[in-house]
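These features come from Swiss-Prot:
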- 119, 123, 129: Zn(2+) binding site (BINDING)
């Protein structure tokens, strides 16, 4: 499986260094865990509070910034055979929110970002925690298993 990663860092912080190789490892671990084997493309945009707030309001009608948003690709079925790699979609991650949540939850910023990346990739693959309690439990279970493979503790444990 080949992963093409587009990384746009509109907001950066010395507290959270993002390395392309590490991001690809997290994405690949997530994809392999759920049995995904195709070449794919994923975009990640790291944004500030203002942009996160604007996007969250525009797409989710929530008037506040959020940690992460996922935008699954909407490629027509008939186009897929013409593509070398399947565009899975884009993730927008708000670095200031990630840093604040990590502090509040007593986690490292790297581990919290990794969790949100796993969570977002699962959304791009069609997993959804807002449709039912069962779906939420399935998604959380997958996140815990994937993060364990990356030597990251269960993010839902107090």
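Just so you know, glycine gets a Cβ as well, placed from its N, Cα and C.
Overlay of Swiss-Prot feature records on the structure.
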{"residue": "119", "record": "Zn(2+) binding site", "Cβ within 10 Å": "23"}
{"residue": "123", "record": "Zn(2+) binding site", "Cβ within 10 Å": "21"}
{"residue": "129", "record": "Zn(2+) binding site", "Cβ within 10 Å": "16"}
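Reduced to three states, the DSSP call for residue 119 (Zn(2+) binding site) is helix.
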